[in-house]
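J.: Below are the structure tokens for one structure; questions will follow.
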Amino acid sequence: MTTFRELGLSDSLLQSVESMGFEEATPIQAETIPHALQGKDIIGQAQTGTGKTAAFGLPLLDKVDTHKESVQGIVIAPTRELAIQVGEELYKIGKHKRVRILPIYGGQDINRQIRALKKHPHIIVGTPGRILDHINRKTLRLQNVETVVLDEADEMLNMGFIEDIEAILTDVPETHQTLLFSATMPDPIRRIAERFMTEPQHIKVKAKEVTMPNIQQFYLEVQEKKKFDVLTRLLDIQSPELAIVFGRTKRRVDELSEALNLRGYAAEGIHGDLTQAKRMSVLRKFKEGSIEVLVATDVAARGLDISGVTHVYNFDIPQDPESYVHRIGRTGRAGKKGIAMLFVTPRESGQLKNIERTTKRKMDRMDAPTLDEALEGQQRLIAEKLQSTIENENLAYYKRIAEEMLEENDSVTVVAAALKMMTKEPDTTPIALTSEPPVVSRGGGSKKRGGNGGGYRDGNRNRSRDGRGGGDGRNRDRNRDGRNRDGNRDRNRDGNRDRNRDGGSRGRRGEGQGRPGSSNGRGERKHHSRPQA
């Protein structure tokens, strides 16, 4: 393994990296950073969770001259969540060098951003629409930009941002360095590389390095109407510290988070229809641990990097295998272990096989727990906690009452009563979940997407009137007259911008109504006993 000290970074950046607890570079970091420090253009192919933010962030920050009061680098990201997350990460890494980082995105008052831009940030992290808006307002000038980063370029293609990206790249000096990161390399991304990059170094993390060995992956065959009871039993048995539950649509997220609360679980949901303030509030509570279960759509969860997520539950199977990889990448981060569960209805076995082909890994089958198993699982967890308390805590103040209880009752009865008090009893509160149609495999596994984004994600073809593809439902965020690309750059029919102060997304259709493809048949899977999770 390569250490960060071997990569030629400045002392201030090494100080930040070491204070964050990192010593060894990941493969994408070890291969990217030396070339980037030499000023070379980079094409990096890597999935989420491989450390690519630091791979481009460290050389980007290393290049900044903090004595200059101008924007020297821009990072373009597909979603506001990812822009915020990248901005936070760059701030941590650049803290000791005193680099000023400014995220700009839809959903935030643009006048507030204009005031912040007047304070001369060194690096801008933002979504394409909002960056271009500031360029055209003359509130963001890029004449001194030396480095441009395109993060998750294929996602920006799928969301319809290619024209915006080209417009931004045209506005920066020709001598700039470009660092482009993308999980896949469809033709439109290759054309951008050919047009705006000079002899780029192509760095690709091998598939075996992105299959997330720290994550235990299980699938459960379960009927649609039984999913919720299976989920609650798993939550009771596994008692996750922090869990993310993925639903395919906004309706599903709303109904599922409400149902979990009715059954006594601290849960909240996020999706594209929430205001930015509400979404940030929910995420803050989740990070702080005041809610234990976050229910999310694929779109809303893009770019989330929340430490301590122990479990990911795929309540609805994702529309494509790449989304599955992004989903489970929310756990098992920074060397920690994680558990991912995938609920598969009888008609979705073909999609399960597509996912396994993409990840190059067979999932273990887990039997859906019964009610009795859920109760026993809870009790065993409680017993472990009691044993840990006996071994590690001072119980002197509690023994007198304990002795009095044992004079009147036998020890087994006392322990049984304690277990009963601490065990969550079965809850029969009625809940209502609208059934979602199954995702039926279209055959042939995952396909590379072309220039129009292709594919279906979150169950919506999402095409505008002129026939251009919105791609994966992660949303071009356009309605029929072309509005709402990233929740802030709204266009009316004549092309003028409607500058919404709230910048909020008006109905992300990509998280909308499910629309399955045609079946290519069902595959039979070998039955295995359920491992302990």
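The backbone N, Cα and C atoms fix where each Cβ goes, and this holds for glycine too.
Dumping what Swiss-Prot says about this protein:
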| type | residues | note |
| --- | --- | --- |
| DOMAIN | 33-203 | domain 'Helicase ATP-binding' |
| DOMAIN | 214-374 | domain 'Helicase C-terminal' |
| REGION | 428-533 | region 'Disordered' |
| MOTIF | 2-30 | motif 'Q motif' |
| MOTIF | 151-154 | motif 'DEAD box' |
J.: For the motif 'Q motif' (2-30), find every same-chain residue at least 6 residues outside the stretch whose CB is under 8 Å from a CB in it, and list them.
T.: 37, 44, 46, 50-52, 54-55, 58, 61-62, 92-97, 203, 205-206, 209
J.: Restricting to the same chain and to residues at least six past its boundaries, which positions have a Cβ under 8 Å from a Cβ of the motif 'DEAD box' (151-154)?
T.: 52-53, 56, 75-78, 82, 86, 165, 180-186, 189, 192, 449
J.: Quick check on the motif 'DEAD box' (151-154): DSSP residue counts for helix, strand, coil, in that order please.
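T.: Final tally across the stretch: 2 helix, 0 strand, 2 coil.
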J.: When the motif 'Q motif' (2-30) is classified with DSSP, how many of its residues are helical, how many are strand and how many are coil?
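T.: Tallying H, G and I as helix, E and B as strand, the rest coil: 17 helix, 2 strand, 10 coil.
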